[in-house]
């Protein structure tokens, strides 16, 4: 379990608080409030960046919280089918074999669909784990069960990592199509 529980929502709240303190300091002429407000905004940006920090590697994602999430099998299989399909399509084009070319095109499209299904599965599953982990951790905290609270926090962190991994791939694919 991470002791530095970064949160996107917390970063938004901290950023707004810093902006208000900076503005109030500017209005009343307090350099101390302005500097402190600016420091809060910068800390909030660092929290936001840490909340979204992931390392996307083939087959899994690791996050700054220390959580690791394995990709849904359809993501890897879909990626393989896209690569194999593109290779068949290329070879078919070079050889003038329309049947091989068409077969490759179809395999590539099927691979894209398969990978997208895996990404959706990972995104939804990650969101569900985040929600369950948050609720469970809160309840366990109220009852004083620190062991369960840590388990639920791990579930939250793994879900968040799984969701960020799917987001990473979806954004990367969207940028490639532009």
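Backbone N, Cα and C define each Cβ position, glycine as well.
Sequence annotations record features per position, and here TrEMBL assigns compositional bias 'Basic and acidic residues' to 38-50.
Residues or ranges marked as compositional bias 'Polar residues' in TrEMBL: 99-113.
As a whole-number mean, the pLDDT of the domain 'CsbD-like' (74-125) in this prediction is 95. The domain 'CsbD-like' annotation in TrEMBL covers 74-125.
Feature annotation from TrEMBL assigns region 'Disordered' to 28-84 (among others).
TrEMBL lists 97-118 (among others) with the feature region 'Disordered'.
Residues 1-2, 5, 52, 54, 56, 60-63, 65-69, 71, 75, 115, 119-120, 122-123, 125-137, 140-141 of the same chain lie 6+ residues outside the region 'Disordered' (147-178) yet bring a C-beta within less than 8 angstroms of a C-beta in it. As annotated by TrEMBL, region 'Disordered' applies to 147-178 (among others).
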